[in-house]
Amino acid sequence: MTFGFRKNIFRNFRLKTKGQTMQDIKRAPFREILGWCMFDFANSSYTTVIISVTYGIIFSQLVVPSSSNQENPFEYGNLLWSIALAISYLLVVITGPIFGAITDYSARKKQFLFYSYVFCIISTGALWFVIAPGQYLLAFILIIFSNFFFASGENFASSFLPYLGPKEDLGKISGYAWGIGYFGGIAAVALVNTLGPKTMANFNSLRLVGPYTAFFFLFAGIPTFLLLKEYTAGKEKPEGLSYLKIGIDRVTSTMKEIHKFRDMALYLVSLFFAMAALGIVISFAFIYGAQEIKTEEKHEIAMFLLIQLFAAIGAIVFGYIQDKIGAKKTFNITLLLWIFCLLLIYWVKDLTAFLVEIGIPTTQQWVFVGTTVFAGAGLGATQSASRAIIGLFAPESKSGEFFGLWGLSGKIAGAFGLVAVGGLQVLFDLRNSFLVVSVFLSSLFLLIF
């Protein structure tokens, strides 16, 4: 079965944007594409600093008290971290498709994007009030809310993609945004790294991680709201119906009609498994390095820079590849890359011993850092391709709902994967739970897709 970029699929979607169809939407002006890409640059500060690199370690190792388990002293912190993120993703699952339908009907995508941006900034900045050790409940709540608003904003921003160019350009445009976003992550991490080491003795300085990230997000996001425009006119709301009711009805209708979009339905199911594995890696990679590989700050900096650099390269290069060979082949290539990378991580100690035996002086920390070249390339390519595919499927009248369903599939997957790792690492250890779950879910994706 081909994956669904056959022309007859788009005949189902008669778009109403200035009388155009999906095939003849013209490329948006550079300033509008730049404005859209800049939101990825801005919000990468949150996902990179708070979720991936810095605050996950602060939360699991400093804010949450250690357990008496000498082999896994941070098991409670890891578990609470996974639960907080899972709850935030489930909230997005509940609200995402409804918000998407509401923004389509009312033509208020930009307004909803602005609200999510403001509330993510506020809840991120409020992490300053968390004092370690012991105030994990406040941190737990703030992570839930900030990640909810971040993920909601990601959905709102992504729903603009179908209006920015013809379908053959969407892979490249999405790749540009992801690539620019990774450089935003580099800049944000460089800023918070001035606060010093992640130790209890330095915690007063580390309290500024949240405010620093919030200010970066605030200022870097301004160009989006100056340059990006609302692309459709809203419909008049029928009397006696609320936007919530309209949103629920439209999502219900979309779900009933999903059989008409067979490729879309199959893609969302397969995406579940890929995004579950990806969510685990994004949320636990640096925690895993610190706890299992015993990485130090110099290793984390090198690892971060390599991930960001190769993620940017992967997003842009695979955007072009996707436009040439199609999304199915591109996505499968990226998932094979992920499985290879995860297996390398699992056997880091064995690989280190082999390299030393053949005369290459190294340590397991630097071998672990080296695997991030593959992780970064796979990360950028997978995220870019997944968003571009939805952009290809989405008709103008339902783009918000389709991106809501994209968010729903990804966020349910993220919640599932995180809870699986959080629970299994209490029963076993982080190494086995992290790698086995990730490889298993990635393999399932390849079997279904």
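Quick reminder: no glycine exception, Cβ is built from N, Cα and C everywhere.
Remember, it's a predicted structure, so these values are computed and weren't measured experimentally.
These come from TrEMBL:
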TRANSMEM  33-59  transmembrane segment
TRANSMEM  79-100  transmembrane segment
TRANSMEM  112-131  transmembrane segment
TRANSMEM  137-164  transmembrane segment
TRANSMEM  176-196  transmembrane segment
TRANSMEM  208-228  transmembrane segment
DOMAIN    263-449  domain 'Major facilitator superfamily (MFS) profile'
TRANSMEM  265-289  transmembrane segment
TRANSMEM  301-321  transmembrane segment
TRANSMEM  330-348  transmembrane segment
TRANSMEM  402-424  transmembrane segment
TRANSMEM  430-448  transmembrane segment
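Mean pLDDT across the domain 'Major facilitator superfamily (MFS) profile' (263-449) comes to 78 in this model. If one looks beyond the transmembrane segment (208-228) by at least 6 residues along the same chain, the residues whose Cβ comes under 8 Å of a Cβ in the stretch are 31-32, 34-36, 38-39, 41-43, 45-46, 49-50, 54-55, 58, 110, 113-114, 117, 120-122, 124-128, 130, 142, 157, 160, 184, 187-188, 191-192, 195. In this chain, the transmembrane segment (301-321) lies apart from the transmembrane segment (402-424): fewer than three C-beta pairs between them fall below 8 angstroms, excluding pairs fewer than 6 positions apart.
Packing against the transmembrane segment (137-164) from elsewhere in the chain are residues 17, 22, 25, 27-28, 32-33, 36, 39-40, 43, 46-47, 50-51, 55, 59, 63, 80-81, 83-85, 87-89, 91-92, 95-96, 99-100, 103, 109, 112-113, 116-117, 119-120, 123-124, 126-127, 129-130, 170, 173-174, 210, 224, 228, 231-232, 387-388, 390-391, 394, 396, 399-400, 402-404, 406-407, 411: each is 6 or more residues past its ends and has a CB under 8 Å from a CB in it.
Contact between the transmembrane segment (33-59) and the transmembrane segment (330-348) is not supported: fewer than 3 Cβ pairs lie under 8 Å, counting only residues 6 or more apart in sequence. With respect to Cβ pairs under 8 Å, the transmembrane segment (402-424) is most closely packed against 79-100, considering the stretches 79-100, 112-131, 176-196, 330-348.
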